[in-house]
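Enquirer: My structure is below; once you've seen it, I'll send some questions.
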Amino acid sequence: MVRMAERLAENFIPEANQRNENEPAYSRYKRVGQNRSRLNSRASLGSSMGRRITLIETDSGVIEVESDKQFLDAFKDANMDAVHHLNAASPVTRGLWCMIIIAFVILVLVQCYSQIKLYISEPVATNIEAEYPSKISFPTVAICNNNQFRLTYLTGGRIMNRRSKSISGSLLSTGHDVESVFDTVLRKSWDMDAVKFLRSAAHWKSRMILGCTWPNGTSCKLSDFKAVWTTTGLCWAINTDPHNPYEVTGSGEGHGLRLLLNVESYERVDACTKHFRTKTLPGLKILIYNQTDIPDSSMNGVNVPSGYSMDIPFKMQHRSKLTGVHCIEENDEQIEASTDFNNPENIRTCTLRRYMTEVENSCHCTLRRAYTSNSTDVKMKACNVDQYFGCAQKAMQRIREEGTASTCLPPCKSIDYTAWQDMNRLPQNLMPALIEEQEEDDEDDVEQEELDENVSFSTVSGGETFSCEDSAYLDDKQVMRIKRDAHRAYEMQARHQEDIFLRSRRLIARLRNAINSIERYKWGWHYDTFSGVADRLSNLTCFSNFSERHRDIISILESRPITSEEKKANQMFFLLDETAFNRNATRYMSVGDLKSRYGDKVDDVAEEIAVILRIMEKLWHVFMPDSYIRTMTGDFSRMDRIIELMNQYELNKLQRRAWAEKMQSRQMKHFFEDDFYESYYQPLIKDLDTTLVKQIDEVEADWPKVEYYLQRGSAGKTGAIMFFGDGNKDNRQKFEKLIVEMHECASGKMRKEAGKMLSSFKKSYRELQAAYGKLFKEELPDYLENFQFGNKFVGDNFAMVNIFLHRMNLEVWSQDRTYGFWSLACDIGGALGLFLGASLLTIIEIVYLCIQYGLCGKRARNMKCIPMDALTRQMKKVATCSCCKKPIEKSREPIYKKKSQSYQRRFTADDEDQGDKFRSRASSEESKRRKNIWAQMNDPSGNSTLTPSEIKNFLDQVQRNSQPPSYHDDHHPEDHYYYNDPNYLTISPPSDRPEDNREGSTSGYYSSPRAPPQANPRDESPIPDTEPISVSEFSDALAPPLFKTPPRERRTRKEQKIDEEDDDKHSYV
C-alpha cells in the first residue's frame, strides 16, 4: 500500500511541498454521492468534468483520487517509450530526455516527409521481358518525300491554262505582284479544292516507287501502297491492313522490305516563294508504325538522303504503361471507335482532330476529307487553295508549336519501333551506262521533245546505253519515263527557279549587251553596223584631206618604178658626191664599185636610205585608205542563228535542252572559235593593230634618225632622189615638208585615235567572247550533263532502302508502381518504431485519447445515466437512460457452481459458511477504531482536499485498519455505504488461506460471496454516464490488486450475468 501511495504521489502530486491553486486536487467522495464500477486492475476513468479518476480498493474499502488531465497523459496511456521520463524529479533528466525525444521526432518527421514525397512522385518500375515467337507481324512502312509540291505540276498546263473564278477582294495567300510564277499559280488555282490540289501536286507513287520486294522475295504491286495523309503532306504506306498484316519468319537483311526509290530531286521547288519552297533537305522520310496507329507528321521518320543505299534495322517494343497523366487506358468503346476518324472516343485520331478543329475554327472550312471518306456529317465547306495557304497552314503551325500532348494522350498499350541507319554507296549500274553520246552535225538536226505529261515515251534519245539484263534494276520503260520526267522538270527549273532562271537570263543579257556594244561602236559584222578604220580616221583633218593636198606627190609615189641595182648605185653615188655625179652619173654601175671608192661611207648612205624608205612606207600605209577594210566580208549567218535561238528561248519557243543541244552540234560548237574569229576578229585587229598602231609605233622608233638626217640636210636630198628621181632644191623641200607633216599627224592625233579604236574593239570583243563562252561553253553544257543520267544524276535522285527486323524477338515493357500506399505505411511505421518505439496504431491511439479527453467528456454531460452492466463490460452507452433503477434480482446459486472446475475445486460451500462465521466474530473495540478512521470518508465536506502527507498518513491507517466498520442506523439509510453490510464481505487473514498463493490470486485479501438475503428493493440515485475504465495507469507487480466494491445485491446480479457470459472472467461488479 505504501508503494501504491508513492505511485499516486509521483503521478498526481507536484515536486514542491506546498500546493498552489494550479496544482491538481485530491478529494474524498462519499459513497452515497457517486457510484463507481470496479475493475480488477488499475483504472483511469474519464469524467464529464475533464478530470482523471483513479479507484483503489483495499481490504478496508475504496479510495477515489482524481486530478486534471495533462497533455502527456495521452502519450503515457498509449505506452510510448521514454515519455514517463519527462516527469522525472531531476531537471537534467527531463531536459536530456526531452532533447532526445525531440531529436527523434524530427528524424521521424524528416523520414516521413521524404517517404511522402517519394509516394507523391509515384515512382514506376519498368519490367522488360523478351519473347521469341516463330512469326512476327511486320509493321506498316510509309514513304514520305520531303518535297511536298512537284514543280512540273505547279508550272504545268493544267494550272497555268486554267480559268479560275473572278477574285472578289484580295486573296489570303498572295499579294498583287505578278512577277513570281508561283503567285500566278495561286491566282490560277485559288478556288480549287485544297485536298485535290495537294494530292495532284504530291509525288506520285508510280514515279517515286520504282521497285519493291517483300521479305519473302516476291515483288510488291503499286496497288499495295495506300495514301496516308499527314499534316506535312501525302505519304504512301504499305502493309496497312490491321486484320491481316504481313508476317516475317526471320530477321536480318535477307528478311527485309527492299525498296528502290526515286527522290525526284529535279521536282524540288527551290524558288524563292513563300508557300511552295521546300525547306527541308532533299530526301525521303521512312515511317515505321503499327497498323492501328495514325501518324500525324512525317518529321519523326527515318531520314533517307539521295545517293545512298540505306539499311534500316528496327526492333519492336510492346509497351504497357500505367494509366495516369501520360496515357489513357483504352476501353471497349474507344477500341470500337478507332475506325471512325470523327468519333471523339477515338484517341488515335485525337491529334489530327485537334489540327482539324483549329483549322475549322480559324478558317471556317474543313480539311477532314483528306483523312476520312465519311465527311458527310461535316456541314462546313471544304477549304480551297487560297484558304489552305492563307489560313490553314498558319493554324496547323500554331498547333504544332503549342503541342497536343496535354489534350491528346496516347493509349497506354502501344507498340513502338526503334530504327537506325546503315549507309552505303549506291550501285554503279543502277541506270544504264552511256556508251556513246549523241552529237548532231548541225543544229537543224536537233528536234525538240514533246513535254506533255500525257506522252508516254521520250522522242529524243540521249545516246547509246548499255545495261546487263540479269542485274538491271530498271527496265527500258522506266528508264525512258524517268528521263522524260527529268527533262520536263529540268525545263521548268530553268524557267521558274530563280537561281537557274536568273543566271540564264543574266548570261543571255550579258551576251546581248556585248553584241549591242559592238554594234554601238560600229564594230558589228553587218554592213549597217560596221565602220572601218579609214572611215573612223577620216574624222581627223590631217588624214581626211591628205590625198587632196599631196595629190601630185601621191601620184609620183604610187607610180614610182622598181629601183634596179644600177639605179640604186647611181642614187647612192649622188648622195655620196653630188659634184662627181654631175660630171659622170654612170661612173659606178654597182654598189660594190662605190664601196671600192668610198669605203664605209657607202654603208652610212645605205642605212640612211633604208630608214627613209621604211618610214615612208609605214607612213604611206597609215595614210592610205586602201590599207584598211571598208566592210566585213565573212559569213556571219551562224552568228545570226545563235542570236535567233537565244531569242526563241527567251520567248519560250525553244526548250532549254534543245537550245543546248543545238549549240553543241559540231558546226555550232566550233563556230565562234574558228569561223567567227577568222572572218571577223582577224581583219579588224589587223587594221587596228598591225596596220595602224604598230606602224605608227615603228615610225616613232625610227624617227630620231630621220630627225637627225633632217637637221644635217641629207634627209630631203635622200628623199628627193629616192622618190622624185631628182634631187633639186624644190624636191628636197617637198619631201621634207611631206615627211614632217605625215609624222606629225601619225604621231599625234592618229596615234591617239588608233589607240582608242584598238582598245574599244578589243574590249568589245573580249566581252562578247566572255559572254559567249559563259553561256554556250559552261552553262548549257553543264545543263546537258543532267541528261547524261550518269553517276551525278543517280546520286542526286535515287535511293535504296532495306527495312528489316534486327532480331527475331519482341520486347515487352510493362510498368508497375514501386511505391504504393502500403509501402508508405510500412516505411512510416518502421520510422516510428525505429526512432520512437511506436507504431501507426500508437499514433491512432494517441489521437483517440486526445479526442477522448477533450471531446467525450463534453458529450457525457448530456447523458443521464449509464446502466451498471454497461460499465461492467467497459462500454460507453451513447444513448441516455431514462432511469437507472433496476428490479430486485432473484437469489442466485453460489458462485463457485458457476465458475470453472478449477474454481470449484478451490472454493466450496464450506468456504462461504466459514466466511460468515468469521465476520460475526468482530470485536467492538476494533469496530470503533475503524469507524473513527472511516469517518473521514463520511465527512460532509467530501470535496476537501488532502496534502500529500495527509494522504500518506491516511493510507497507513487504512492499511492497519483495513476492515470497514459496520453501521446500523435505520433512521438515516441514505447515509449508509452500500458496501458496509457486514454480511456481505468476509475478510480472511492470509495465514488462514493457504490458497492465496495459488494461480490466479493477486492479493492476500479476497472476497467470498454468499447467497444474499431477501430484501426489499431500494431506490438508487442515477449513475453518471462516465467513460469506461481504462486498464492503463497504476500497475505494480508487488502492489495489491485494485478493486471497486459495489453493494452486495448489485454485485450478485452482475456476477451472475458475467458468469453466464464468460466463466473464465475473474473480475465482476
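Heads up, the Cβ atoms here are built off N, Cα and C, so glycines get one too.
Reproduced below are the annotations present in Swiss-Prot:
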type: COMPBIAS; residues: 915-928; note: compositional bias 'Basic and acidic residues'
type: COMPBIAS; residues: 938-948; note: compositional bias 'Polar residues'
type: COMPBIAS; residues: 967-978; note: compositional bias 'Basic and acidic residues'
type: CARBOHYD; residues: N216; note: N-linked glycosylation site
type: CARBOHYD; residues: N290; note: N-linked glycosylation site
type: CARBOHYD; residues: N374; note: N-linked glycosylation site
type: CARBOHYD; residues: N454; note: N-linked glycosylation site
type: CARBOHYD; residues: N539; note: N-linked glycosylation site
type: CARBOHYD; residues: N545; note: N-linked glycosylation site
type: CARBOHYD; residues: N584; note: N-linked glycosylation site
type: REGION; residues: 898-948; note: region 'Disordered'
type: REGION; residues: 960-1069; note: region 'Disordered'
type: TOPO_DOM; residues: 1-95; note: topological domain 'Cytoplasmic'
type: TOPO_DOM; residues: 117-830; note: topological domain 'Extracellular'
type: TOPO_DOM; residues: 852-1069; note: topological domain 'Cytoplasmic'
type: TRANSMEM; residues: 96-116; note: transmembrane segment
type: TRANSMEM; residues: 831-851; note: transmembrane segment
Enquirer: Average the pLDDT scores across the topological domain 'Cytoplasmic' (852-1069) and report the rounded value.
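Expert: Here the predicted model's pLDDT, averaged over the topological domain 'Cytoplasmic' (852-1069), is 47.
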Enquirer: Which sequence-distant residues neighbour the transmembrane segment (96-116)? Criterion: at least 6 residues beyond either end, Cβ under 8 Å.
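Expert: For the transmembrane segment (96-116), the sequence-distant neighbours (Cβ-Cβ under 8 Å, at least 6 residues beyond its ends) are 82-83, 85-86, 88, 824, 827-828, 831-832, 835-836.
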Enquirer: Let me spell it out: take the transmembrane segment (831-851), skip the flanking residues so only those 6+ beyond its ends count, and list any with a Cβ under 8 Å from a Cβ in it.
Expert: 73-75, 77-82, 101, 104-105, 107-108, 111-112, 115, 825
Enquirer: Same-chain residues six or more away whose CB lies under 8 A from the CB of N290 (N-linked glycosylation site)?
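Expert: Those within reach of N290 (N-linked glycosylation site), by Cβ under 8 Å and sequence separation of 6 or more, are P139, T140, S414, I415, Y417.
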Enquirer: Enter the number of other CB atoms within 10 angstroms of the CB of N539 (N-linked glycosylation site).
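Expert: Result for N539 (N-linked glycosylation site): 10 neighbouring Cβ atoms inside 10 Å.
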Enquirer: Including all protein chains shown, what's the count of other C-beta atoms within 10 A of the C-beta of N216 (N-linked glycosylation site)?
Expert: 11
Enquirer: Counting only residues 6+ apart in the same chain, whose Cβ is under 8 Å from the Cβ of N545 (N-linked glycosylation site)?
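Expert: Long-range Cβ contacts: none.
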Enquirer: Around N584 (N-linked glycosylation site), how many other CB atoms lie within 10 A of its CB?
Expert: 9
Enquirer: What's the CA to CA span in angstrom from N216 (N-linked glycosylation site) over to N584 (N-linked glycosylation site)?
Expert: 122
Enquirer: In whole Å, note down how far the CA of N539 (N-linked glycosylation site) lies from the CA of N584 (N-linked glycosylation site).
Expert: 50
